Amino acid sequence: LSSLKKFDEIKKANQAAAKKLVGDQLSSSSEDDDEDAEVKQGKILDKTFTIYTSQTDGDASELERTRQYMNEAFQSGAMTCLICIASVKRNQAVWSCCGCFCIFHLVCIQKWAKDSLFLVSSPLTDDDFGKKDYPWPCPKCRFEYKRSETPSRYYCYCGKVENPAVDPWLVPHSCGQICEREFKPSCGHKCLLLCHPGPCPPCPKMVTTSCHCKKAKPVPRRCSAKEWSCRLPCGRTLLCGQHACENPCHAGDCQPCPRVSKQRCVCGRQTAERLCASPQWQCDQVCGKCLPCGNHTCEQVCHAGPCGDCPRSGKRSCPCGKTKFTLPCTEDVPTCGDSCDKVLECGIHKCSQRCHRGPCEICRQEVEKQCRCGKHTKRMPCHKPYLCETKCTKIRDCQKHQCRRKCCSGNCPPCDQVCGRTLGCRNHKCPSGCHRGSCNPCPETVDVKCNCGKTVIKVPCGRERTIKPPKCKQLCSRPPTCHHPTQEKHYCHFGRCPPCRQPCQKTLTCGHLCPVSCHDQALVKQTGSHQSAGPWEQPSEPAFIQTALPCPPCEVPIPVECLGQHEVSPLPCHSANPYSCKRFCGRLLDCQNHTCMKECHHVTKLNSNADGKKAGPECSQCEEECTKPRPAGCPHRCVLPCHPGDCPSCLQMLKIKCHCKLSVLYVECLKLTCADLKEKELLISCRNQCPKELPCGHRCKEICHSGSCPLNCSQKVKLRCLCKRLKKEVQCSKIQEGQVSLECDALCKEMKRKAHEIKEAEAKAALEEEKRRQQAELEAFENRLKGRRKNKRRRDEVEVEQSSWQKYKNLIMLPVFGVAVVMV
């Protein structure tokens, strides 16, 4: 029992220690170690670049490529030998290629050079072996090295120190001395960095140099960028000798002259526009000049200088070349009659024909021919080649495949098949032609990334499975597993993130925040999951499961509003419920004109941004008519019930009279009420002529209008003199203004005098008649007073005697007016 008890205690202590260790690993990482390594690495780089940056006044922009090589030298696994696909360590002997600066194990590159030389020299015979120095290539860039350049000893990067000591405060495989390698391209200066991997940076020295055309004054510039252009015109004389170069200051020779000029051909017969840079040209005409013989002309095409002698002059040979003749140039050379004896195309037999002109025939002799491979013979014409159908069974230089070429001469061509063997990376196949020996290393590189993918290192293909991912200094970008928007800050990592220790801060149903720690992934003891089979079974440790616990109820006292939000009362948060205060609701209805008259009730907010005083679907609906004021001049009521906002436009028709009050018009109410004075004038007008009379008595000529008519009457009227005898047509407006008048003449005055006399006579007669009538009335009145009226209903008629003027006035006036008319 004591031993079992002791065992349980030790078991529990180990489990507690394991849990604590796991928690520490999740919550913290080797950040301090990483920071120390980075600080150390930065100090080494600064020490390496000190002399260079002192020359450039602190400018290190040209050191990015060198910095990349040095960073790879520091990173674990970044430097990989492409031959053995293994990491290059600090204490291993290495060799660096001067072409691509790739680093290999010294043993690996020695074996590579030995195998390459063996494969190149194996097809040679014993006599040829050793007579030629065959090169061996770099596994990556294929830069060729001589046999004598095969590395045999371990040197630092600059090549000064053999077997450099391992120093943790230096770049791996560096001697720590100044590099002093010559810059490429060579400028006479040497590298100022400490012994380093990769290429040397551009030369930082300051030199005084002139531009390409030497026109500008010399200026101090970096040696790596000492060639510069002043951008002025070059001005050098071109090859044509006539024009100067117009291009900006440039390096090297000037371009050909781009101008075009008229130039004669070589013979001088034709002239054409050609580029000034190519003055020499030939036309397509035959020379045609008479040769010295006087019988033939020159048949050369456009040439310079004399034509030369006649090609048919002097001694000439017969077609077979055995006999020579001296003949005039006008006669052809005859055949000699001997056999031709020229060697035919076969190179064995001669032509058996007599001396003849033109080419010889093909060789038709039958000979015993051997095929190209030498296995078969056949009798056939000499000019036909003989190839048998036997396929070559020799193994090609790849030592894998047969030649299989028909009638092969024994010099089999290289194998044309693809190697296809799986490379050491186990991801790709060899794309080279079929070959002997080991395949070249895989040229591909693979990106090894951290978990977030922001930190990347390039490693040779095949090393991505064993290389350690780079350490990333970026913060972990994974989304939190709990409800928090962000998790506790920690660096990028693989595996699960540490548990969240932030306050829960969840918004409860009451609106408060949960104050306890995050419980989305709480460990809860699981009970009743396993029942023991009997008393002999040892009790197991309680199982814990990861689950999300609900937030505890809120105990904060909060003020609670009634259902209608009329008053506020303090109630406990977890038991706070809205209540009715028995008041009128008072919320503004949808019509925006009346309020709800229901008792305090719950109102659903259809929009979270809605006003708290706005009615909801539970409020009463307004059933009254719209009582909003109508626009000025509109006599109609709104057709809608009580509603919010402005009333719709009135679309009813108004029955109104026009300005002249004669026509009835139907106009939309909206148009009439919205129109200005000018538009109203047009809407109410019937478009007919105004029927009103002007003061002059004529009708208004304007279209139906409002207000008084214009006084400028344009009607033509007849103007008469005062006696109405003379008349004249004038504009009515001029008469009204008094601008025109017509005076009576002498005749008119005479007639006026006579008429006046007649009028006075009539007035006298009328006066006498009036006196008689009054006298009669007086007498009648007196008779009535004396009681002489016997019958009151009878009318008294008094007969009045007419005067002589009344009897004869018509007979007198008619002749007078007739005479007046005739005179007019």
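In case you wondered, yes, glycine gets a Cβ from its N, Cα and C as well.
TrEMBL: automatically predicted annotations, no manual curation.
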Ranges 216-263, 504-551, 744-791: which does TrEMBL label coiled coil?
744-791
Using DSSP, what is the helix/strand/coil residue split across the domain 'NF-X1-type' (240-259)?
0 helix, 2 strand, 18 coil
As a quick check of your reading of DSSP, tell me how many residues in the domain 'NF-X1-type' (696-715) are helical, how many are strand and how many are coil.
0 helix, 2 strand, 18 coil
Could you pull the average pLDDT for the domain 'NF-X1-type' (634-652)?
83
With DSSP as the reference, give the number of residues of the domain 'NF-X1-type' (398-417) in helix, strand and coil.
0 helix, 2 strand, 18 coil
Run through the domain 'NF-X1-type' (482-502) and tell me, per DSSP, how many residues are helix, strand and coil.
0 helix, 1 strand, 20 coil
